[in-house]
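Taken from Swiss-Prot as is:
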type	residues	note
SIGNAL	1-20	signal peptide
DOMAIN	47-594	domain 'PLA2c'
CARBOHYD	64	N-linked glycosylation site
CARBOHYD	104	N-linked glycosylation site
CARBOHYD	139	N-linked glycosylation site
CARBOHYD	173	N-linked glycosylation site
CARBOHYD	290	N-linked glycosylation site
CARBOHYD	358	N-linked glycosylation site
CARBOHYD	397	N-linked glycosylation site
CARBOHYD	463	N-linked glycosylation site
CARBOHYD	497	N-linked glycosylation site
CARBOHYD	549	N-linked glycosylation site
CARBOHYD	555	N-linked glycosylation site
CARBOHYD	594	N-linked glycosylation site
LIPID	609	GPI-like-anchor amidated serine
């Protein structure tokens, strides 16, 4: 997530709200990802396989991804036919179109979904979007609904808070959002128990918290004692895991690479999950548009950027690669790619949560315990994740700024302002046609998005340094235009006319956070949420992507179908249906600008009234007063 007005954001820690939402369906979560790390959170030395791991060039997709895509295409083809059985396009048989072109998969739509950063706000708003897109959600396949879009997608990417959502879904059985919205104590997504408190274990909370801190400390100490550098990101990642993966012990043995070993993923029954982080070069403090953008997929860790242009086998992170191979006198390492550490890496800005321990209401003795845990961690390492040994050591020596470094430093995936994880989805090798970009960024004074993330990705594509490596992205207007023209108040399509882009580029369906039934603009740094706040924010996220169950536009689901088909219709030289032309007229950015400074952006709910995360009318002075009172307390 991005760094914006931290003082104001921290002040927002105080604001909570009570808002109504239907009870989620209670579904038992069954763990599917494999707890396959040899020694819990501690990376372990193992024998290398007969074919020793190597770093490969990013000139193509990996053989694993290529093979998986062949299987996934069959699943998405079937899912799209189901989707278009309830998403109707007037005077056009969309399901029949998919069926007629199913023998040539390159003709068919290729869909990506990207969930932005923004802390718990992004997780919950993004969860509402995924809930709306999931055909397993009750009533999501009714008229005007978008259920089945998730099943039709090839890729699902997350960044920072969005990575918590993606990780939580995939490690918990590619489960439904309804199942994660449990009301049972001691389970996942119990955000009323903050990171500082830990899960409710059924005892006195102080005792539960003491056990929680001790277990986190022991896990990180095990990694440190094994010779691996640790930072606050390790503690942050372990704490996250209790909320996102396993409330009992935080799932210390679950790895990101284990997703690729599960039967359901090998059968391509779900989209491919991708998590994004930024590289921080030696001696660098600020992350620029030239930063290398790394991805974690189920098989690999690496980047398409020309600086490194390589991928390492994820399962063997922690192994001492040198020049792209493992020296004959070195063993391999497994267990470094802990799920919590991966999610923590993508959200290192939230290390600030842990640094606020003295401002919490926890007993002094617990504060002292946790302060002792953190005392040996230098201030300069507060916001990084340390990947040592550096997998790209002496790899791409002429272009890789970290090639001579024994340690690779990674930071929050939104620190370069690209707060929507579009980077993996716009790579030409992946041939994505349309990206549904869910934006929960806190760009404005009151924590609403204004298109900054899209602007950053567009500007990067034009960067004269060549960091974009030939990737193309649709033209995006400036942030003032977003606000002045209301492009951040409703869905907007970018890249509708593919002939206007410099190269193959997906159509972007921009889905900005907006108050339909709840003020979902919570401060990025608010650490806890009532169950009502959680559920109402998820419900609002559902409304964001369905436009209030199509109440703002009765043809919205049809227009989504048109966006999905757009690039495919071009490839097959199929006439665009008249209703789709009307959709594009309504939702495509027309290229006009209004860059004058806008008035303050304070949207209000447009359906049922609700309480808010940050009340639009509250003044900055009032926020400062409350913040001062909180710090004194």
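Glycine residues also receive a Cβ, built from the backbone N, Cα and C atoms like all the rest.
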So for residue 290 (N-linked glycosylation site), how many other CB atoms are inside 10 Å of its CB?
16
Rounded to a whole number of Å, the separation of the Cα atoms of residue 397 (N-linked glycosylation site) and residue 497 (N-linked glycosylation site) comes to 40
Given the glycosylation sites 104, 139, 290, 497, 549, 594, which lie within 10 A of residue 463 (N-linked glycosylation site) by CA-CA distance?
290
If you rank the glycosylation sites 64, 139, 549 by how many other Cβ atoms lie within 10 Å of their Cβ, the lowest count goes to 139
Students should find that the Cα atoms of residue 64 (N-linked glycosylation site) and residue 290 (N-linked glycosylation site) sit apart, in Å rounded to an integer, by 29
Cβ atoms other than its own within 10 Å of the Cβ of residue 594 (N-linked glycosylation site), all chains, total 13
Model confidence over the domain 'PLA2c' (47-594), averaged pLDDT
94
Rounded distance in angstrom between the Cα atoms of residue 290 (N-linked glycosylation site) and residue 497 (N-linked glycosylation site)
28
Counting every protein chain present, what is the number of Cβ atoms, excluding its own, within 10 Å of the Cβ of residue 555 (N-linked glycosylation site)?
19
Shortest C-alpha distance to residue 173 (N-linked glycosylation site) - which of the glycosylation sites 139, 497, 555, 594:
139
Quick check: in three-state DSSP terms, what is residue 64 (N-linked glycosylation site)?
helix
Rank aside, I only need the closest one: which of the glycosylation sites 104, 139, 549, 594 has its C-alpha nearest to that of residue 555 (N-linked glycosylation site)?
549
All chains considered, the count of other Cβ atoms within 10 Å of the Cβ of residue 463 (N-linked glycosylation site) is 12
Residue 139 (N-linked glycosylation site) versus residue 104 (N-linked glycosylation site) - Cα distance in angstrom
32
